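Now, the feature entries from TrEMBL:
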| type | residues | note |
| --- | --- | --- |
| DOMAIN | 49-446 | domain 'Amino acid transporter transmembrane' |
| TRANSMEM | 74-95 | transmembrane segment |
| TRANSMEM | 129-150 | transmembrane segment |
| TRANSMEM | 156-176 | transmembrane segment |
| TRANSMEM | 188-210 | transmembrane segment |
| TRANSMEM | 239-260 | transmembrane segment |
| TRANSMEM | 272-294 | transmembrane segment |
| TRANSMEM | 314-338 | transmembrane segment |
| TRANSMEM | 358-378 | transmembrane segment |
| TRANSMEM | 384-407 | transmembrane segment |
| TRANSMEM | 419-444 | transmembrane segment |
Amino acid sequence: MVFTFHKERPSSSPSDIKIKPDHDLETATISTDDVFGQISEDGPNYRNVGWLGTTVLLIKSQIGVGVLSVPSTLAVLGIVPGIICLWVISAIICWSDYVVGQFKRNHPSIYGIDDVGYLLFRGKIGRDVIAVMYWLFMTCVAASGLLGISIGLNAISSHGTCTAVFVAVATVVAFFMSCIQTLGKISWLGWVGLVSIMSALLTLTIAVGLEDRPATAPQGGDTWDKELVIFGNPSFTEAITAVSALVFAFTGTPAFFGIVSEMRDQRKYTQSMLLSQGFVTAVDTVVGVVVYYYCGQFVASPALGSAGGTLKKICYGLALPGLFVTAMMFTHLPAKFLFVRLLRGSKHLTSNSPKHYIIWYSCVAGCVLFSYIIASAIPVFDGIASLVGALFGTVLCIQLMAGMWLYDNWHRDPAGRNTLWKCLICWNIFVIGLGSFLMVAGTYGAVIDIKDSYAANQGAGAWSCRDNST
């Protein structure tokens with residue numbers, strides 16, 4: 001991956017409409033914005049998310065379907081290597097998330113990660129390539145949310161109807177939820193989703209500790225062997241696929257540009273980000289270790305399936321609102337991305353005109369329809385998590401963010417080129433190399449894993465009616 005480091009912003013970059021200065025942006029009404037232009041009472045207010053609402057949205061963008069795959073990755077890698085990999089990936093992603101806020105402050109006209117591609121690669125081709133990758137990534141994450149919802153509905157109803165019907169129902173509900181236009185109005189749903197998924201995870205960790213054995217373990221006999229692995233001995237394909245799933249657990253970063261762009265006071269982004277990253281890392285660690293400790297080799301993926309019988313239904317019942325919010329967020333954000341790109345610079349972007357609504361609803365429909373196709377065509381939960389994490393998550397969450405820091409700091413004044421600067425240069429170059437390795441190797445491992453799943457008939461087929469919750 002080659003970046004061009006240039007201090008000047010290209011003349012054809014997005015228009016620079018300055019935000020009017022204010023002493024307290026957290027409570028002020030912003031009238032103009034570099035991205036959304038003129039903001040008035042005649043249209044939606046796209047700069048109306050407080051720092052607490054931002055924290056919840058950041059947490060919810062990372063806690064959802066990703067955490068449900070963490071226990072199974074520990075079963076592959078072993079507890080010690082698995083936790084080390086989890087923390088290392090978390091640290092790298094935390095750095096990436098920090099760079100997002102700094103880059104947004106330095107380049108206020110940036111809205112989507114495609115604008116970053118324009119600056120780093122100096123042209124339209126860079127923007128378009130990153131735009132396609134971002135859109136595919138977000139809609140594939142939404143697809144994993146739809147798949148998770150279908151698994152939950154199957155578990156609650158004891159496979160009450162065809163799985164393909166459940167995926168379709170999830171798609172329709174996600175469409176209507178995603179049609180809400182501003183993140184300011186969606187932030188309360190972030191609270192609902194966060195409480196939902198945390199309640200399910202708490203219930204799961206208590207359930208696996210109280211139950212005699214997990215649902216997938218042999219139910220006969222007085223004893224059973226969990227076969228806990230402290231240091232795993234996986235093949236290269238198994239190991240890299242597990243690491244890619246851990247990357248997927250932290251791949252909310254591409255959504256952060258869209259979230260910070262709608263903050264009332266973007267200076268408070270860093271505190272929101274640090275709170276969210278610390279919370280997400282703690283939850284992933286605790287849930288992963290506790291569930292794997294009590295389930296061992298019989299841990300299910302998604303992890304909610306590890307609780308058997310009635311408790312499994314309770315866990316999925318609690319998690320469903322959170323899974324719907326995940327599908328909603330990862331449909332809303334790519335739809336908003338298309339919407340802003342199509343109407344940027346036009347009065348229709350922030351006005352309640354027929355063209356405004358026709359384009360908005362069309363963008364939402366297109367995104368959720370694509371996610372439905374992916375969820376139906378690749379109904380293997382671990383496969384989607386690993387493939388998305390490796391193919392798109394590494395580029396959009398690791399390499400690009402390191403490139404962003406180099407873009408802003410490569411030509412630093414000689415007086416500022418101290419030891420810290422040199423260490424950060426080396427760190428970001430290392431991050432780019434590591435991300436590139438994970439992208440290539442992880443994609444290979446994920447494709448092999450999906451192929452093996454179909455060959456062994458472990459997952460349901462495309463548009464299948466089979467129960468995917470067992």
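Every residue, even glycine, has its Cβ placed from backbone N, Cα and C.
By the Cβ criterion (under 8 Å, sequence separation of 6 or more), the transmembrane segment (129-150) is not in contact with the transmembrane segment (272-294), since fewer than 3 such pairs are found.
Tertiary proximity for the transmembrane segment (419-444) is limited to same-chain residues at least six positions away from its ends with a CB under 8 Å from its CB atoms, namely 1, 92, 95, 236-237, 240-241, 243-244, 247, 386-387, 389-391, 394-395, 398-399, 401-403, 405-406, 409-410, 412. Cβ atoms under 8 Å from those of the transmembrane segment (74-95) belong to residues 228-232, 234, 238-239, 241-243, 246-247, 249-250, 253, 273-274, 277, 280-281, 284-285, 288-289, 292-293, 296-297, 299, 397-398, 401, 427, 431, 434 of the same chain, restricted to positions at least 6 beyond its ends.
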